[in-house]
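Annotated in TrEMBL:
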type	residues	note
ACT_SITE	A:Cys150	active site, acyl-thioester intermediate
ACT_SITE	A:His242	active site, proton acceptor
DOMAIN	A:5-131	domain 'Semialdehyde dehydrogenase NAD-binding'
There are 4 protein chains.
Amino acid sequence: MDKLRVSLLGATGMVGQKMVRLLSNHPFIELTKVSASPGKIGKKYSEAVKWVEGGEIPQHATDLRVVSTEPEDHKDVDVVLSALPNELAEGIELKLVREGITVVSNASPFRMDPEVPLINPEVNWEHLKLLDTQRQKRGWKGLMVKNPNCTAAIMSMPIKPLLKYKLNNLIITTLQAVSGAGYNGLSFMSITNNVIPYIKGEEDKIPKESGKMLGRLNGDRIDHVELKAMVTSTRVPVKVGHMGVMYLFFDSQVNAEEVKNELSRFRSLPQEKNLPTAPKTPIRILEGEDRPQPEIDVRSENGMSISVGRVKNEGNAIRMVVLGDNLVRGAAGITILTLEVMRELGYV
Amino acid sequence: MDKLRVSLLGATGMVGQKMVRLLSNHPFIELTKVSASPGKIGKKYSEAVKWVEGGEIPQHATDLRVVSTEPEDHKDVDVVLSALPNELAEGIELKLVREGITVVSNASPFRMDPEVPLINPEVNWEHLKLLDTQRQKRGWKGLMVKNPNCTAAIMSMPIKPLLKYKLNNLIITTLQAVSGAGYNGLSFMSITNNVIPYIKGEEDKIPKESGKMLGRLNGDRIDHVELKAMVTSTRVPVKVGHMGVMYLFFDSQVNAEEVKNELSRFRSLPQEKNLPTAPKTPIRILEGEDRPQPEIDVRSENGMSISVGRVKNEGNAIRMVVLGDNLVRGAAGITILTLEVMRELGYV
Amino acid sequence: MDKLRVSLLGATGMVGQKMVRLLSNHPFIELTKVSASPGKIGKKYSEAVKWVEGGEIPQHATDLRVVSTEPEDHKDVDVVLSALPNELAEGIELKLVREGITVVSNASPFRMDPEVPLINPEVNWEHLKLLDTQRQKRGWKGLMVKNPNCTAAIMSMPIKPLLKYKLNNLIITTLQAVSGAGYNGLSFMSITNNVIPYIKGEEDKIPKESGKMLGRLNGDRIDHVELKAMVTSTRVPVKVGHMGVMYLFFDSQVNAEEVKNELSRFRSLPQEKNLPTAPKTPIRILEGEDRPQPEIDVRSENGMSISVGRVKNEGNAIRMVVLGDNLVRGAAGITILTLEVMRELGYV
Amino acid sequence: MDKLRVSLLGATGMVGQKMVRLLSNHPFIELTKVSASPGKIGKKYSEAVKWVEGGEIPQHATDLRVVSTEPEDHKDVDVVLSALPNELAEGIELKLVREGITVVSNASPFRMDPEVPLINPEVNWEHLKLLDTQRQKRGWKGLMVKNPNCTAAIMSMPIKPLLKYKLNNLIITTLQAVSGAGYNGLSFMSITNNVIPYIKGEEDKIPKESGKMLGRLNGDRIDHVELKAMVTSTRVPVKVGHMGVMYLFFDSQVNAEEVKNELSRFRSLPQEKNLPTAPKTPIRILEGEDRPQPEIDVRSENGMSISVGRVKNEGNAIRMVVLGDNLVRGAAGITILTLEVMRELGYV
């Protein structure tokens, strides 16, 4: 079988580097182009990047020459993956899609567009069906697929298997890692030995994006789930790993053991098809009373598995602490897993 | 007016050092004795202590000789302040009280004892009235007064002025500083770049102790407030400053502006009597959307003022982020302020 | 006696904030103007500044209106203090001095100018004598005085009293705090849990600037000391406090006890005249084998005293570990102390 | 070929865990026994260990039952690897060796014993020849081999290829990671945002152990190299990675480019025999002016390669910054590599 040829936008950023790592030795995706800011065009990737991933730059990328984000530079690939910053993504991605290119993107523009699937593969791979009518409805020649905000990607996972119980209300306090703001997003002086109890835009995105992802495919549109969620987002001095302390309020009492069972046995298409980037256990239940912890748990299954601990009944509520790798499960990893699902379903 | 002569148990620990600092230049409390672990007895304080408070050891303490915790070593003081570790406190403090000494203590034993006032001065100074009958009921010759757990001390403050609204339910996620576990409580390897979503015993203490402190004095006993609280305590890599993200659920909608007014104009006996350690503004309302922050706000009014930010209505709930100095407001400072109130009321 | 009226350039930066703090309640310096970047002009200081000093903004500054850096905005002050960024300072400061204003500045341009005194008050207050001929030689109407690089300010202190021994060679490895690069100088992701063994420009500045400061006033010029120094500068994840591990090689063996005596009894004009910002003990000798430490020692005498520990003979070499507050002793504090000396000597 | 059966003492500690990780999927070493403190005997490894290595406990170890350190519990293995704490090692290891067991150990006792080889494989594998006469000279039935202190292991590597130049003198300032003191060796409060310029015992060990390792095998004894070294050891708030700023003083000027060549092409027996744990490039030369950095470079070649940067001539001196993984290159990795060499040479 031929490999999928992909190019990567935003390849020198932190999420871009993570994708470069995840694509090394991929069985059927081949990174053939990298794109970065104009000043880097023409340079070898190894010269253009300030490699912060640790270890060496993977061989498959070192000698790639940086190209522009213009469509003509991406005509000969099957898919463009985008790790662009949000503020640059809208124009660049739209231009590519209009020119006939398929774009799978982490950036925020178009996430809430009703014709654009917002994919967290295990949660809502079915929503890719929106692609069947996207071209026609929008007049695009290519296809556009989005991945959610990193926190929404992580927190929506354990909610999915619990939707079968009647969920009324949700209270989440997040403790989010600094890498979520980008490599230079927060200065050492501002966040070390500190907590900043606010992240711009985040408290709205989590329920909105989760409401779409957890929604039901209804013909050629998504019926969003109405999540009555109260979210407080805080930034903590941790490099990688978004944690959420979640209270889920149900119509009636739900048993904690049952919840743990539902979560730990949750499987979806990526597991059934044994896709290369899919975690075997999408949601790990940890019984240790002091878990999950970023330093111990965030890299489980290469960062693609969500860790859940401290599951406990309190009346009609279930309390749980949820942790995921914001750079992998929340960004680079789901983009690649989304592409794997798209190929499985024949969209690429 | 004569100065109150006090001795200090646990004087070389982190909270003890903070008390030594707070008592330097105190207008009417004079530190005359310090006590520490047996191996240090007889040494000068400056030789016995590993001073970690920063700056120099205050002059008034440097040359004090360390004495034992035995009653005979504390006969000639008016009050014994205790910053003893919880596991040592019970026996030592009880012995002192039985021998006729007045003890004001931060340690946990006896906090929930119905005859022992658990004092957070602005919140429940009236509970000192339990002392009127304590001697007789318990057969002690001295008096015992307790201060609450550091988190309960901080979180109970902003609840107090809101009790006039009908409070049904409370959900708190705390982000607590490492100093709350003591100077050697957590290793660098275990908590740096990490969050530990569990603190032993803490999730129970907060509602239990707050329920007592917020209770109503009813003759010679306290009618506890029944707080339906769900608490999740986490440890974050911050040195000083306990933060709580609080959701308070009321019977009906309560206006956020009104809440801010109630909190910011809250005053109590320590303010009315202008006591030396009392903060002028016990609860500061911060309007900056990214406040309070430990590195910026924790030292307000020498660590005695609580900072509250992000106050917001969500249906019948009020969300707020609360921050206090766990070593001062949560420990050393309220012990001293409690003693100041006791003197004001004539108990010493 | 009339107060000196000063304005402060770069008043909203980290060093500027430190100066605002140090000038509150100053006996004879009054801050009457603050200047900041163009977008802040006209605002009240309290609105223009993102206050990161901790605690409240000092009263004397809150209501000052931000003015420009243009000379006409500083006509009615006695002195302009500058905490401008290096890249902006040259043009702005020169314009002010040409227009007749006296500028005392922390910024790097002109530090090595032979007509400009580079002052670390205890080390070389005599160099202010350059001011007697500066106007005439340069054709400036005002005066320009510079303070050294933060590391040079700290490391030159303990060298000064040891110049009487024949010093041949110097090897220094520095461990410098992140605040030395400015509040936003280094991202959390780049330096947390890390060491960066390089600071641009620093390794040259230390010997060059120290060579000038330690030089001898010879009429109307300075004869620099030729320091054969090898310097390696590293950045460590510490907020405040530059440390240097110094090896000083002498012509013959120098006794460690004698060195400690020389350093600890070192006094200079600021001490003799008892200037308000002068530390009583410019160089503290610490005997604890694990000292100095930033978290314990950096704030000694409000950050104006240098701490020296681990003094030891090794052959003809003396090894010592030197620590100073880079924001106070290395920046804001020496600027103010320099102005105090200038007034003492009648230059303002 | 049969696998070597090994047991591991101190298997639940941080270095022990690292060895468990490194031995998973080893081609010819099989971990068959784990030993830990008495209270853990009989438990499964997965229950006895507080796993802090990150990721999952390797399968090969999870179900091993913890045994004692007594010889009878290790009769049926080929070699005992020891990651015991220094204070327990002497008696336990000696007893095992006397009973006929071969012990390869990281612990400090016996390191300077003239009959015991102190092995850093690439540096001095030839010293294993001491084993030929060790039994007879000491009357032991087994064999004892030691690995050096973690800092000596790292710093001795780049010195080895430079011994051909006449090295007169050495000045080293180390910046050492907290893990070097063990998982609970330093509290968060003591080292966060701080530097401690002292590590007990370390400043002597580095030249002493390096002098032995770099010494010449002379029949059945080692002629130590006399290293005139001045060492200052500091602890910095970094989890993993010991850095050394080294100045090497030679008899005459040595060219920096030549030094880089010598270091980067250094190879030894482990590379020639292509041993499984041997790094392909024992010493990596980094040209980036801000390298090496722990967060970027420490894991190179799974932590077995040393990184060297900032190589520069200063007169007859060469300055370089050296970095190595203190847990792998400095401990767990060299123990295993030593065993691989011993098998290659027929000692096991």
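Backbone N, Cα and C atoms are what each Cβ position is placed from, and that goes for glycine too.
All protein chains included, the residue listed as 'active site, acyl-thioester intermediate' registers 26 other Cβ atoms within 10 Å of its own Cβ. Per-class residue totals from DSSP over the domain 'Semialdehyde dehydrogenase NAD-binding' (A:5-131), listed helix then strand then coil: 49 helix, 24 strand, 54 coil.
Taken residue by residue with DSSP, the residue listed as 'active site, proton acceptor' is part of a strand.
Across the structure, the residue listed as 'active site, proton acceptor' and the residue listed as 'active site, acyl-thioester intermediate' place their CA atoms 8 angstrom apart. Under the DSSP three-state reduction, A:Cys150 (active site, acyl-thioester intermediate) is assigned to helix. Here the domain 'Semialdehyde dehydrogenase NAD-binding' (A:5-131) returns a mean pLDDT of 96 for the predicted model.
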